[in-house]
């Protein structure tokens, strides 16, 4: 090895003809190494991302139960059937509602929490931050099941608390009643990912230029003025990215609803992803994989439409990020 | 002066925050204490937390009878393998893409990122049939591959950005010293990428430990391969009356990740923040 070091060091001083060949060879070797480095990712990508996406489109045009060969080509039947199904539209409405609650309530409240957690005068921030973020790290499916008990009609924690304060006289079946079930799911949804949104906002706040605040302070701006005229406008670009991510995540809520209510009662908390799951892995009767795929494709297009709209909003609000890549 | 005037309101704010904080995590505290009670105590105690006498019978029942020992180890194995696989794959890809120009690089990166935004059908079924046809469906490898297979574009981008930012001289001097391509990567570059490795490992750990849909689908007919989340789901479906056993099982599922979070909370939060900044 020692001799090869010397050889290479010496070769740097020579610019003769025979030097060109190893150089080309060297570049080719590098390129081969690069291909070898991306090969695992490429294999995983082709097998577990590209192939499934293509197949999910193919399945959508067949009547297929998930087993055996694809035989019954049905054209756009699965799509038209989805569009005609009132249960699909019901699930769609619920998903939209869930998303809007999260975007309109959770995101702004998370901003308030982030501003508070960023305040210099607040002591014990780390403890508060740790507590607020805690639900985020827990398993959503398990939390959904725990919430079944928390909001359960019989000896549920929530009922016991309300009974104790005297707000209700009788235990209420919060998740079993058509009037309250969706509201409870929304509240738990907001609580579960609240810490995530707060940390997003915090990251945004902490990346703002400090000098602007200092000079505004020197000019005699009050805290409220700082917030109103500097912090909020400067946060708009980050904010619209947060809204975009929250919306897309909320539109694909599954674990929480599947474990908390399974979509019930009477489909009041049914979400599109729960609806699709029900058809793809039907507990009762035959699974309809083709139909589930068609519903998935349709919904995917809708979600993309919503993200494009929100993306335009990002642009309009002066999206100064993401330009440097590649 | 400002300080004294604000002392009262600040104290009040802290009281409010502490009360809100307790309510915020009360469901977990409640679950933990319920797991240490007898069923009778659970029913009669209402919202009071402390059990009269600590009962570990619920844990025994969940761990042994309800097979949560199996689910626990399955989850540990799946999580460890997925995190290691993702780290390896993303670091290799990020290094090649971030530091070198090679044919097909742009095409590769655009294909990988484009699929993030593409509308998909229900991709979990093709993943399932694929794993099935590879003959991996009767082992944990099926779940591991399925989970490691998709959706880590974010981590690749983090590695790309990080490796790109390292100075060019590092490689040049390594080249002069006669260090090969792989050795330069493994001994010089990779150790420098510790912050990204930590972010990726923690985020992926969190995602895999908490995954539900993928392991649910892959273990529908194979109870012995269930992970904790799926085990919980099936357990609740089968035992509607065993509240304290449920609480113990839920504690077994959540305590490991909560413990890791408590130890590394700063890294969790920085990881999430770093992911959004990137």
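Using N, Cα and C of the backbone, Cβ positions are placed for all residues, glycine too.
Annotated features, as they stand in TrEMBL:
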DOMAIN    B:72-264  domain 'ABC transmembrane type-1'
TRANSMEM  B:12-32  transmembrane segment
TRANSMEM  B:71-94  transmembrane segment
TRANSMEM  B:106-128  transmembrane segment
TRANSMEM  B:140-163  transmembrane segment
TRANSMEM  B:184-207  transmembrane segment
TRANSMEM  B:243-264  transmembrane segment
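Residues 28, 31-32, 34-35, 37-39, 42-43, 55, 58-59, 61-63, 66, 68, 71-72, 202, 205-206, 209-210, 228-229, 231-232, 235-236 of the same chain lie 6 or more positions beyond the ends of the transmembrane segment (B:243-264) yet place their CB under 8 Å from a CB of it. Long-range neighbours of the transmembrane segment (B:71-94) within the same chain, counting only residues 6 or more positions beyond its ends whose Cβ lies under 8 Å from a Cβ of the stretch, are 63, 140, 143-144, 147-148, 152, 155-160, 162-163, 185, 190, 193, 196-197, 200-201, 204-205, 208-209, 215, 225-231, 252-253, 256. Scored by C-beta pairs under 8 angstroms, the transmembrane segment (B:184-207) has its highest count with B:140-163, from the stretches B:12-32, B:106-128, B:140-163.
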